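Participant: Grabbed the feature section from TrEMBL, which reads as follows:
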- 23-45: transmembrane segment (TRANSMEM)
- 57-79: transmembrane segment (TRANSMEM)
- 99-123: transmembrane segment (TRANSMEM)
- 135-158: transmembrane segment (TRANSMEM)
- 198-222: transmembrane segment (TRANSMEM)
- 234-265: region 'Disordered' (REGION)
- 235-261: compositional bias 'Polar residues' (COMPBIAS)
- 270-291: transmembrane segment (TRANSMEM)
- 297-318: transmembrane segment (TRANSMEM)
- 352-420: region 'Disordered' (REGION)
- 360-373: compositional bias 'Polar residues' (COMPBIAS)
- 406-419: compositional bias 'Basic and acidic residues' (COMPBIAS)
Amino acid sequence: MNSTDNDSQYYDDDYYYFGPGEVSSFVITRIASGISILSALCILLETRRFRVCLHQILFSLSCALIISGIASIFGTTPLSDHDFYGARGTTATCSLQGFFLQLGGTLAVMWDVALSIIFLFIVKYNWTERRLSTSLMRVFHGVIWPVAIALCVAPLFFELYNPYYDLCWIAAYPSQCGYDDDYECERGSPLVEQVFHILNTAILILAIAVSIGSMLTLFWHVRELENRNHRYSFGASTTDSGQQSTTNHTNLGRESTSTSGPDRRRSQAVALQGMLYSSTIVLANVPTFIANYYSPTWFLVVTAASRNLYGLYYLLIFMRKKSSFETRYGRLIHWIFQRCCCCCCFGGDGDGRHSRSSRPTSKTQQAASTRNGIQEEPAASMRDANDTHGTMEDQPVAIGTVHETTVQRETTRNIDNNRQESAASFFCPSDDENASLEAGLSTLHSAEVTS
């Protein structure tokens with residue numbers, strides 16, 4: 001490659017291509033890409049049955065992450081410009097890496113937006129599974145795939161897949177052509193390069209904006225549910241218990257909130273999961289934007305890790321409350337994360353076990369728990385925010401009805417716990433939970449209208 005004296009420092013091995021930051025980035029990119037591929041493969045295997053729309057999106061997203069991860073794991077090896085550290089490739093290998101990077105990256109970003117949108121429609125607008133699959137999913141497939149294919153095929157006709165920093169992507173070659181009269185463009189055009197960069201940047205900024213907007217909307221919706229529940233409970237607790245009409249109103253209020261409480265917890269659990277999924281695109285791409293203006297060696301290494309650990313972020317969220325896995329690979333990955341790095345993120349207990357194991361499982365244990373219901377009632381009254389009306393001793397009920405009321409509330413509590421666990425694993429339900437998924441969403445909609 002030709003170079004002038006002014007540009008010799010740019011091409012000097014000790015300054016740019018072979019510095020410690022570049023070597024570290026080269027190694028980190030390969031390690032992070034390998035972890036992302038394994039993580040995305042786990043999600044892909046666990047969601048391959050397409051039981052719900054969320055599974056379809058996670059499956060497509062995992063495929064995109066695997067494609068981009070395989071392209072990234074080779075690092076600088078496919079580069080045709082051997083001035084880069086580790087470059088051993090040709091023009092064909094460079095174009096191949098750039099094609100799959102563009103395809104996988106575009107698909108991952110757009111399916112990430114689809115995931116944020118579908119959580120928003122489930123939680124805030126109460127869309128059912130049937131409605132999502134017949135309308136919203138068709139729009140996603142009709143928009144995402146044509147746009148992604150067009151954006152990755154078009155650069156081939158303009159010969160734009162060339163060395164771009166430490167990877168092959170959309171760039172004119174050599175990089176100085178169009179900006180320095182001493183260099184003539186051998187492949188691509190700087191003007192067309194800028195057009196594609198603007199398109200990709202616009203898609204990424206729009207995706208980040210939609211994800212942040214979805215997070216804020218879900219957060220605000222959960223806040224409204226909590227405030228509404230608090231106001232209703234406070235209003236019911238301030239009524240005069242000495243009047244029969246007030247007692248009837250309080251009992252009616254308790255019945256209403258006991259019905260809508262589990263549905264609100266379900267809504268909150270789904271909203272939290274949606275916010276976590278929406279945050280991944282920010283975590284993976286914001287450091288890349290910052291690196292354009294602030295690029296010390298340590299931050300370049302952090303950026304290389306964050307942008308290539310996309311699949312790991314999704315796996316951590318996917319496994320966060322999931323207690324059972326269909327494949328041995330999924331169970332192995334879950335066991336590794338439980339013991340090694342994120343015990344507090346999985347299940348309900350500190351040791352990673354699901355909270356289901358802490359409840360009575362046999363009928364004998366449940367009967368014993370019911371017989372002791374009177375003694376356990378003060379603790380049971382604190383189980384959630386919907387029981388702030390007061391204990392049964394505050395209500396003018398007959399002594400003979402105390403045990404009956406306790407049994408009913410104990411039974412309701414067991415049902416609520418089961419429904420709450422379904423809410424926690426709503427984003428990836430098990431076989432027995434999948435049958436009641438649509439019914440649960442319909443119940444959520446009815447409870448919101450009633451409250």
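Cβ from N, Cα, C; glycine included.
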Participant: Counting Cβ pairs under 8 Å that are 6 or more apart in sequence, does the total for the transmembrane segment (297-318) and the transmembrane segment (135-158) reach three or more?
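Facilitator: Touching, no - the transmembrane segment (297-318) and the transmembrane segment (135-158) miss the threshold of 3 or more Cβ pairs under 8 Å.
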Participant: Going along the chain, which residues at least six beyond the ends of the transmembrane segment (99-123) come within the CB cut-off of under 8 Å?
Facilitator: 53-54, 57-58, 60-61, 63-72, 132, 136, 140, 143-144, 147-149, 151-152, 155-156, 161, 167-170, 200, 203-204, 206-207, 210-211, 214-215, 217-218, 221, 267, 270-271, 273-274, 277-278, 280-281, 285, 310, 441
Participant: With a Cβ cut-off under 8 Å, give me the same-chain residues at least six positions beyond the ends of the transmembrane segment (23-45) that come close to it.
Facilitator: 58-59, 61-63, 65-66, 69-70, 72-76, 85-86, 166, 297, 300-301, 304-305, 308-312, 314-315, 318, 326-327, 329-330, 333
Participant: Same chain only, please: residues at least 6 beyond the ends of the transmembrane segment (135-158) with a C-beta under 8 Å from a C-beta of the stretch. Say none if there are none.
Facilitator: 53, 56-57, 60, 95, 98-99, 102-103, 106-107, 110-111, 114, 117-118, 121, 127, 170, 188-189, 192, 196, 199-200
